[in-house]
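A.B. asks: Relevant sequence annotations retrieved from Swiss-Prot are reproduced here:
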- Gly169, Asp170, Arg171, Gln172, Thr173, Gly174, Lys175, Ser176: ATP binding site (BINDING)
- Ser373: site 'Required for activity' (SITE)
Amino acid sequence: MRLNVNEISDIIRNRIKQLDIGCETRNEGTITSVADGVIYIHGLSNVMQGEMIALPYNKFAIALNLESSATGAIVMGSYENISEGMVVKCTGDILRVPVGPELLGRVVNALGVPIDNKGLINCSNYYPIESDAPGVIDRQSINEPIQTGYKSIDSMVPIGRGQRELIIGDRQTGKSALAIDTIINQSCSGVKCIYVAIGQKATTVVNVVKKLEEYHALDNTIVILASASESAILQYLAPYSGCAMGEYFRNNGQDALIVYDDLSKQAVAYRQLSLLLRRPPGREAYPGDIFYLHSRLLERSAKVRSEYIERCTQGKITGKTGSLTALPIIETQAGDVSAFIPTNVISITDGQIFLESQLFNAGVRPAINPGISVSRVGGSAQTKIMKVLSGGIRTALAQYRELAAFSQFSSELDNVTRKQLQHGQKVTELLKQKQYSCMSVACQAIILFAVSYGYLEDIELSKIGDFEAKLISYLTYHELELVKHINIYGSYDSNIENKLKNILEMFKLNKFS
């Protein structure tokens, strides 16, 4: 069969018409250098700060340095197979992590990938790790408490839902223990908890998970681990991932609590990344934007109005407020709260709980220094009964510390001074509390009532602990209805005052005489 020229040209035209050549625009670049997990890329245009960059071998990097001639990015995970000359491309999206109730009870890494050998997590929602904090109009004043279960904190340094309360102190002073007990105390309160472990040993976090499971708090908690053995980029990202998970609950009209343990290690990880990216170092070799690192994270914790919730859920949830409470932890060196990172975070947060190593070593647990520990929300975050009964505690302790220091230089003391010293010693003894022994509002209230109304005056200092234990046992078994009422409503009136007086008088007469 022979074809003429016209037939050949017709066949070619038909083939050309049938061709479907797709047109695809890609934002690609070439790796020019690889060192210590940092890659520099030439040719990327319109790349965003924090954007995910797709690498060969199904790996990703995050763009952190946007320079005129190149883009500096940090590889997430191993960079062994990444080499110069490889082609990379922008994804057009920043890092997102899975969020939702499916994560409760699980241990995940900084990217939301499960690491507890309990199978995959099927989440239908993903949030970006970086998001804008709620504006001033969207926020609501804080008027509900987060009960820590510690007498000293709930009475002197109350924490409200939506507050940012810093826990600061030297190493081994009980900072993590305080935060873990607060999480355990939320197991029946409906507050969802997120515990972010940054730069800690994996074995330490395993013990924390076991304790949460033992006290039935794990099912209400998400644990995020970026251990000391993991890369600096994951330790830097972990708090933002945890915050995104907490924001999901807040934006759906629920209350959430997040613990950052601790932000000192995140600052160190960010310093490593910044120095690798050749950013100019400042004070203590930290980069110039180290304040912004923590401020943009902690400002996302807030109590928001019902209109904000309605807007976030597109009208699905109405008439509900939500909150995200943050407990950042900062480690100090030799009690120096005036160092760079501590002063930064103190200025961002709504108060601080300062734990002192001298008090800790003296057996005062929790080792709270009431002089410089403060809550800027104050009594508005307390129930009425706690607000009324806790008023004289801080004053009594302040007077006791002043007199105790003065009495060291005086050989003879008058009766009034001696009584004040004895009262201060008893209050200090009464505020001591062991780990994993959280107290309900009712139990705290009757103890504070006993202090305020002088029921401890005739009790020896050595018997204060025994008095407290027996009083709580008596109250729980004989006045269950009153306990339930105080725990639910937190109200205080002359009727409750008379009931508490009768309980204490009967207890001292029959059970502790």
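Even glycines carry a Cβ here, placed using N, Cα and C.
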A.B. asks: Measuring Cα to Cα, how many angstrom lie between Asp170 (ATP binding site) and Ser373 (site 'Required for activity')?
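C.D. replies: Here the two Cα atoms lie 15 Å apart.
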A.B. asks: In the same chain, which residues outside the set Gly169, Asp170, Arg171, Gln172, Thr173, Gly174, Lys175, Ser176 have their CB within 8 A of the centroid of the CB atoms that define the ATP site?
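C.D. replies: Same chain, not in Gly169, Asp170, Arg171, Gln172, Thr173, Gly174, Lys175, Ser176, Cβ within 8 Å: Glu331, Leu355, Ser357, Phe360.
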A.B. asks: Cα of Arg171 (ATP binding site) to Cα of Ser373 (site 'Required for activity'): how many Å, rounded?
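C.D. replies: Arg171 (ATP binding site) and Ser373 (site 'Required for activity') have their Cα atoms 17 Å apart.
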A.B. asks: Could you check what DSSP calls Lys175 (ATP binding site) once collapsed to helix, strand or coil?
C.D. replies: helix
A.B. asks: List every residue in the same chain as Gln172 (ATP binding site), at least 6 positions away in sequence, whose Cβ is under 8 Å from its Cβ.
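C.D. replies: Expected: Ser357, Phe360.
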A.B. asks: Using a 10 angstroms cut-off on Cβ to Cβ distances, just flag whichever of Thr173, Ser176, Ser373 is the loneliest among these recorded positions.
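C.D. replies: Fewest other Cβ atoms within 10 Å, among the recorded positions Thr173, Ser176, Ser373, is found for Ser176.
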A.B. asks: Using a 10 Å cut-off on Cβ-Cβ distances across all protein chains shown, tell me which of the binding-site residues (Arg171, Lys175) has the largest neighbour count.
C.D. replies: Lys175
A.B. asks: Given the binding-site residues Gly169, Gly174, which one's Cβ is surrounded by the fewest other Cβ atoms within 10 Å?
C.D. replies: Gly174
A.B. asks: Sort Asp170 (ATP binding site) into helix, strand or coil using the DSSP assignment.
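C.D. replies: It is coil.
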